[in-house]
Amino acid sequence: HKILPSILVFSLPPKTHCERHRDSVQTTGPDGLPLVGVYVPQCDEIGSYLPQQCHGSTGYCWCVDSRGQERAGTRTGPGSPSELERPKTHCERYRDSIQTSSDGLPPPGIYIPQCDENGLYLSQQCHGSTGYCWCVNSSGQERIGTRTGPGSLRVDCRTALKGIKES
């Protein structure tokens, strides 16, 4: 009997819309060189569109929604201030509405949603004063069955819920 070496096979997650869009325009011409002057979408580390997109060849920048569609009225030309003011997301508006009180501090014991750098809900939300944590969908709604109490092992929101439908 012959023993064959075991081979580890890693499957990559399917590409996101942004990654497929980016890959489709990063093709080469007949000479094998990359096409010049083509707009290439910028994706973040998880494959979502960066909220601000810029065309390297023209210097124009604009804001996009989660599907990569340009937000009306956000396009700026070369030489404009580089930081575009993007509209606040649902998470940011919710968080900011709680954090604004007369003294600028949130009321004690209140839950404050946590948003990422793009303004989207972090997949795991925690209530600081109670120690409870739970997973949320992209709208910030709790995913049933993911709430954990203080001191208990937290659910990994990125992997534990692959087969569960959005609630």
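Glycine is treated like the rest: Cβ placed from N, Cα and C.
Small disclaimer: the values here were computed from a predicted structure and weren't measured.
Features reported for this protein in TrEMBL:
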DOMAIN    15-91  domain 'Thyroglobulin type-1'
DISULFID  C54-C61  disulfide bond
DOMAIN    92-157  domain 'Thyroglobulin type-1'
DISULFID  C126-C133  disulfide bond
Rounded Cα-Cα span from C126 (disulfide bond) to C61 (disulfide bond), Å: 35
Residues near C126 (disulfide bond) in space but at least six apart in sequence (CB under 8 A): Q114, Y132, C133, W134
Residue counts (helix, strand, coil, in that order) that DSSP gives for the domain 'Thyroglobulin type-1' (15-91): 11 helix, 13 strand, 53 coil
DSSP-derived helix, strand and coil totals, residue by residue, for the domain 'Thyroglobulin type-1' (92-157): 8 helix, 11 strand, 47 coil
